[in-house]
Each structure stands twice: as structure tokens, then as C-alpha cells.
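S.K.: There's a structure below that I have some questions on.
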Amino acid sequence: MTIFSSLNQFSKGHVSWLLLLLFIIFFEACALYFQHVMMLAPCVMCIYERVAMMGIGGAAIIGLIAPNNALFRWLGLIGWGLSSYKGLMLAMQHVDYQFNPSPFATCDLFVTFPSWAPLNQWVPWMFEAYGDCSKIVWQFFDLSMPQWLVVIFAGNLVALALIVIAQFFPVKRKNPIR
């Protein structure tokens with residue numbers, strides 16, 4: 001059995017989608033820890049990156065519903081890809097704000113959500129921004145938080161690419177005679 005056949009089989013099980021969801025819950029819990037325990041004020045870009053991360057969680061839930069069903073699995077994969085890509089673009093823009101500050105390129109002062117989903121009004125403790133995008137308030141191994149998000153979102157895209165490629169490799173069935 002090739003690695004891609006194994007990944008194909010793995011993507012058709014609940015464990016793979018649950019694992020993705022647990023990673024996202026961990027990252028969101030870290031964000032809330034930074035905000036409410038370490039008192040690091042989230043900026044507008046942080047909130048948008050948080051929403052992108054939750055998009056991956058939503059995609060994981062879709063895939064978790066019926067991973068053996070091609071429709072649910074592909075909807076989950078597409079949602080995972082779109083959210084990861086958007087998160088990567090946001091994180092790279094955030095890194096640019098931090099390391100190439102300019103008075104002409106700044107993030108918004110307030111988050112803007114659609115009128116049909118004002119997340120910052122519904123759940124302000126999670127989606128209200130009051131920090132400065134250009135300030136580096138935390139580092140780990142010399143990487144700022146948005147730089148870590150670039151790594152995380154890019155890692156999601158690499159994992160997704162491998163799993164999407166694996167969808168075109170047949171799952172080898174065990175020999176029933178043995």
C-alpha cells in the first residue's frame with residue numbers, strides 16, 4: 001500500500017477529521033489564552049486570522065459528519081483549502097505590517113463583519129479587536145505570532161495538498177482470503 005493510498009483511507013475515517021478539529025481547538029485555545037490570560041490585545045488582523053482558523057474547524061466538522069461520503073469529504077477539503085489559503089494571505093499581510101511599517105499601509109481600526117454575522121457584537125470577548133497590528137507583542141523561537149500563523153496555515157495547505165492528491169489513489173482492500 002502506497003503512502004497516498006494510506007492517506008486516502010485515513011481521510012475517509014472520522015479520526016482524521018477529528019484530529020484536524022482538535023488541532024484547531026488547540027490553536028483557538030492558545031489565542032484565547034494569549035488574549036485573556038497573558039493580556040495580549042488582539043488586533044484586527046489577529047481576529048481575521050482567528051476567523052480563518054475557525055473556517056478550518058468548520059471544514060473539519062463538515063468532513064467529520066460523513067467522511068466516507070465523497071460529497072462531505074470534498075466539501076470539507078474545499079473548506080479546509082479556502083480557509084487555509086485565506087488565513088495564509090492574512091498572516092503574510094500581518095507580517096508585512098509588522099516588519100515593513102508604513103503610514104500608508106495599516107490595518108483597519110475596527111473589525112468589519114457582514115451585517116448578517118456581526119461576530120464582534122455577538123461574541124465580543126472573542127472577536128473584538130483593540131490591539132495594534134504593527135506591534136510585535138510576543139515571540140517564540142524568534143518568530144512573531146503572525147509568522148507562526150504563516151507556518152501553521154502553510155502547513156495546513158501542505159497537508160491538504162497531500163490528502164487531495166491521495167484522493168486519486170485507490171484504497172487497497174485487505175485480501176479476504178488471508
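Positions of Cβ are set from backbone N, Cα and C atoms, glycine also.
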S.K.: Using the topological domain names from Swiss-Prot, determine whether F34 and N69 lie on a common side of the membrane.
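M.R.: For F34 and N69, the topology recorded in Swiss-Prot gives opposite membrane sides.
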S.K.: So, in Swiss-Prot, which cysteine from C30, C43 is disulfide-paired with C46?
M.R.: C43
S.K.: Regarding the disulphide bond with C133, report which of C30, C107 Swiss-Prot records as its partner.
M.R.: C107
S.K.: Restricting to the same chain and to residues at least six past its boundaries, which positions have a Cβ under 8 Å from a Cβ of the topological domain 'Periplasmic' (34-51)?
M.R.: 28, 87, 90-91, 93-94, 97, 107-111, 119-120, 125-133, 135, 137-138, 145-146, 149
S.K.: Look up C107 (disulfide bond) in the DSSP assignment and reduce it to helix, strand or coil.
M.R.: coil
S.K.: State, in range form, which of 17-33, 52-67, 148-166 has the highest count of Cβ pairs under 8 Å to the transmembrane segment (75-92).
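M.R.: Against the transmembrane segment (75-92), the leading stretch is 52-67.
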S.K.: Across all protein chains in the structure, which of the disulfide-bonded residues C46, C107, C133 has the highest Cβ count within 10 Å?
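M.R.: That would be C46, with the highest Cβ count within 10 Å.
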S.K.: When DSSP states are folded down to helix, strand and coil, where does C43 (disulfide bond) land?
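M.R.: DSSP assigns C43 (disulfide bond) to coil.
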S.K.: Taking just the CA atoms, what is the gap between C107 (disulfide bond) and C43 (disulfide bond) in Å?
M.R.: 9
